[in-house]
Amino acid sequence: MGRNGANHSIQTVSEYEPIGEDEERTPLLPQGVQTRGSSFMSSAFNLMNAIMGSGILGLSYAMANTGTVGFSILLLMVASLAAYSIHLLLLLCDKTGINSYEALGEKALNRPGKILVACTILIQNIGAMSSYLFILKTELPAAIIGFMRSDSETSGKWFENGVTLLILVTVIIVLPLALLPKIGFLGYTSSIAFLFMLFFTVVVVVKKWSIPCPLPINSTLSLSLNTSECTAQLFVISSKSAYAVPTMAFSFLCHTAVFPIYCELHRPTKRRMQRATNVSIFLSFVVYLISALFGYLTFYSHVGSELLLAYNTYLPRDILVMSVRLAILLAVLLTVPLIHFPARKAVLMLCRGEREFSWLSHTLSCFFILTLVLLLAIFVPDIKNVFGVVGSTTSTCLLFVYPGMFFLRISSEPIRSFNSVGAVFLLVIGLVVGVLSLSVIIVSWVQGP
């Protein structure tokens, strides 16, 4: 089978002989034209880039509403469930020879399953890309202006216009990266994005000792006398705790990128891909935990849902804070081409099926998707709210529901086996998280700003 394009063909299941569970070093993908694939580290960086996004800014707020120990337990559970759900998907690849999420849906639920998964991936990734571009449109001008000495230097400048900046970065940076035929090429930009996230974490740790506790109550830096505010809570249970669960539940969602990355992995075996997944999830877990912990220990109960805004309040025009703000925006920007790849693959699979790679189809679908998300980011002012409902549903399906359901439908393991019980558990968790996420969003809408 040729693997020289974005739209990988799928081997006929009847022709595939599954490998035994004790032969995890045997290549999972069908043998065909041999080209060197992506390195292990490149694949791991791509997965980490797919995992980490702007959501890292809200994890300190989640810790404030669940407690340090409660947050750590929940984060560990979510990371473990994400790794396990990917394990089930790779196990199905082992058993069937299928190498795409859409094809697993077709195997489990026939053609409606394929369409369902492809549409879910499209909605999820288009929503994520639109939200990321919307963040860039609103935050990038302020991040650039922050480096200027005075407001008079920026008055009337072109970079004050968020739409202009958004179009420029999309055409100059996102489009060339999105046009690349292989997701493995994005390993370099993904490593840069991960370094930006590390930089953010280091700054959060360092700035812990730059802001006094109790926090200043006004611009003259007079201190609040309530020293009890400087005590970390181990466990917190309140109505706001429900808001933290969805944020954490989706913090390890990378499942739409797993299959494209796996298809291009050099010497693709289940063990090798699972190792790449485990490394990515572990490093993301460490970055999440450290940044959330020190962000919380800096502001305690006063931490907001967007961590960097709190630093702007107490450390105005701090060069490190301004730099890390720009770094996070650049990391978000470099994530867009990566999550564009599975969306384009889903479009091509819906429109062209399993035909050979075509540069014309590849380019047209790329322009179509980027134009769509750009228009959504520019002209839909509440795009994050619109995709909040849909995104919570699609994320739940991709992270929990589909892996569990597909395993139960495709696998021949007894229902009482460990993996079957785990698949049922994923289904239940998916339903609970999905209902909770929708409830939180609806309550937020009812209560208003």
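Each Cβ is built from the backbone N, Cα and C atoms, and glycine gets one as well.
Keep in mind the model is a prediction, meaning the values are calculated, not measured.
Record features (Swiss-Prot):
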- 1-25: region 'Disordered' (REGION)
- 1-14: compositional bias 'Polar residues' (COMPBIAS)
- Asn7: N-linked glycosylation site (CARBOHYD)
- 44-64: transmembrane segment (TRANSMEM)
- 73-93: transmembrane segment (TRANSMEM)
- 115-135: transmembrane segment (TRANSMEM)
- 165-185: transmembrane segment (TRANSMEM)
- 186-206: transmembrane segment (TRANSMEM)
- Cys213-Cys230: disulfide bond (DISULFID)
- Asn218: N-linked glycosylation site (CARBOHYD)
- Asn226: N-linked glycosylation site (CARBOHYD)
- 242-262: transmembrane segment (TRANSMEM)
- Asn278: N-linked glycosylation site (CARBOHYD)
- 279-299: transmembrane segment (TRANSMEM)
- 319-339: transmembrane segment (TRANSMEM)
- 363-383: transmembrane segment (TRANSMEM)
- 387-407: transmembrane segment (TRANSMEM)
- 423-443: transmembrane segment (TRANSMEM)
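Reported as a whole number, the C-alpha separation between Asn278 (N-linked glycosylation site) and Cys213 (disulfide bond) equals 37 Å.
Residues 81-82, 85-86, 88-89, 91-92, 101, 104-105, 107-108, 117, 120-121, 123-124, 127-128, 130-131, 246, 249-250, 252-253, 255-256, 419-420, 422-427, 429-431, 433-434, 437-438, 441 of the same chain lie 6 or more positions beyond the ends of the transmembrane segment (387-407) yet place their CB under 8 Å from a CB of it.
Among the disulfide-bonded residues Cys213, Cys230, the residue whose Cβ has the fewest other Cβ atoms within 10 Å is Cys230. Contact between the transmembrane segment (73-93) and the transmembrane segment (363-383) is not supported, since fewer than 3 Cβ pairs fall under 8 Å when only residues 6 or more apart in sequence are counted. Contact between the transmembrane segment (115-135) and the transmembrane segment (44-64) is supported: at least 3 Cβ pairs lie under 8 Å, counting only residues 6 or more apart in sequence. Across the candidate stretches 44-64, 186-206, 242-262, 279-299, the maximum count of CB pairs under 8 A to the transmembrane segment (423-443) is reached by 242-262. Take the transmembrane segment (319-339) and the stretches 44-64, 186-206, 242-262, 279-299: counting Cβ pairs under 8 Å, 186-206 has the most. Note: the stretches the transmembrane segment (44-64) and the transmembrane segment (363-383) are not in contact (fewer than 3 CB pairs below 8 A, sequence gap of 6 or more). In the structure as shown, the Cβ atom of Asn278 (N-linked glycosylation site) sits within 10 Å of 16 other Cβ atoms.
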